[in-house]
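Lifted from Swiss-Prot, the feature list:
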- D12: active site, nucleophile (ACT_SITE)
- D14: active site, proton donor/acceptor (ACT_SITE)
- D12, D14, D209: Mg(2+) 1 binding site (BINDING)
- R21, R123, R134, R141, S179, D181: alpha-D-mannose 1-phosphate binding site (BINDING)
- F221, D223, T226: Mg(2+) 2 binding site (BINDING)
- A2: N-acetylalanine (MOD_RES)
- K149: N6-acetyllysine (MOD_RES)
Amino acid sequence: MAAPGPALCLFDVDGTLTAPRQKITKEMDDFLQKLRQKIKIGVVGGSDFEKVQEQLGNDVVEKYDYVFPENGLVAYKDGKLLCRQNIQSHLGEALIQDLINYCLSYIAKIKLPKKRGTFIEFRNGMLNVSPIGRSCSQEERIEFYELDKKENIRQKFVADLRKEFAGKGLTFSIGGQISFDVFPDGWDKRYCLRHVENDGYKTIYFFGDKTMPGGNDHEIFTDPRTMGYSVTAPEDTRRICELLFS
C-alpha cells in the first residue's frame, strides 16, 4: 500500500518500462497514463533525449510530468525544458581526450565475435562506451549481452578504467546490455532528485532494474530520499504499481 500524501513515481526506462532499447508497448503506455491520473510520474534514463523519445514516443514530455534524460543533466518539467548541463565544461578537454583515447585503445585490444560502429557516444552529461559499438543489430546486441554475462567484458573494462583514472573524479556505471556510462562523480541518477526535492512530495518512488552495486540504478535506488523498488521487466513494474496504487 502506498504511503499517504503527495507522491511521485520515477521510472528507469530500459528493462523497467520497456524491453532494452525497444519501444514501450501500448498496454504499458496506457497503464502509465491511467496511473498518472492518481500520481505524478517521471522517467530518468542514461540515454539522451532522442533515444528516450524513440522508446517512449515523440510526445514523451506531454505524457510524463518529469522527463530526465542523461540522469537529469537534461531536465523537462510539465513539458518545458528546465536545464541542460554539459560534461566538457566540468571535466575539461584534456581529461576527456585522455579518457576517449584510453577507451579506444582498450577496445582495439578486445577480441569479440562481432564489432560494429559508434564505440563512444558523447552526450551532454556523460560518455557512453560500448565495446561492441552502438550500431549493432538487435540480434548482435543480445549475443554480446549473453557473452558479457559469462565473461564480464564490461565489468573488466570498468575495473581497468577505475584503476587508470583513480582520483580524477569520475564514476563508471554499467547499464543496459552493451555499454557503460562515464560521468563526473555525483552525476548519476541521483542528479535528477535536485529537480524534484523542493516540489512538495512526501514520497518519491523509484523503479529500476540495474539496482545492484555497479548498476546505473543503484545510487538512486539506495538514496534516502527515495523508496526504491527493484524490477526485472516492465510486467514486474506494472505488477508492483498495481499493488501500491490500486
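Heads up, the Cβ atoms here are built off N, Cα and C, so glycines get one too.
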### Message
As a test of the contact definition, list every same-chain residue at least 6 positions from T226 (Mg(2+) 2 binding site) whose Cβ is closer than 8 Å to its Cβ.
### Response
L10, L193, I204, Y205, F206, I220
### Summary
DSSP output for D12 (active site, nucleophile) maps to coil
### Task
Just report the maximum Cα pair distance in Å for the recorded alpha-D-mannose 1-phosphate binders R21, R123, R134, R141, S179, D181, no decimals.
21
### Query
Cα of K149 (N6-acetyllysine) to Cα of R21 (alpha-D-mannose 1-phosphate binding site): how many Å, rounded?
18
### Query
With the Mg(2+) 1 site defined by D12, D14, D209, which remaining residues of that chain have Cβ atoms positioned within 8 Å of the Cβ centroid?
V13, G15, T16, L17, P20, G45, G175, G176, G208, K210, D217, V231
### Query
Cα distance, D223 (Mg(2+) 2 binding site) to D181 (alpha-D-mannose 1-phosphate binding site), nearest Å?
19
### Message
Tell me the Cα distance separating the residue listed as 'active site, proton donor/acceptor' from R21 (alpha-D-mannose 1-phosphate binding site), rounded to the nearest angstrom.
### Response
6
### For D209 (Mg(2+) 1 binding site), the one of D12, R141, S179 that lies nearest, given that the recorded positions are compared by Cα
D12
### Summary
CA pair F221 (Mg(2+) 2 binding site) / D12 (active site, nucleophile), Å rounded to integer, equals 10
### Query
Three-state secondary structure of T226 (Mg(2+) 2 binding site) from DSSP?
coil
### Message
Out of D12, D14, D209, D223, which of these recorded positions shows the lowest number of other CB atoms within 10 Å of its CB?
### Response
D223
## Note on the structure
Rounded to a whole number of Å, the separation of the Cα atoms of R134 (alpha-D-mannose 1-phosphate binding site) and the residue listed as 'active site, proton donor/acceptor' comes to 15
### Query
For D12 (active site, nucleophile), which of the binding-site residues R123, R141, D223 has the nearest Cα in space?
D223
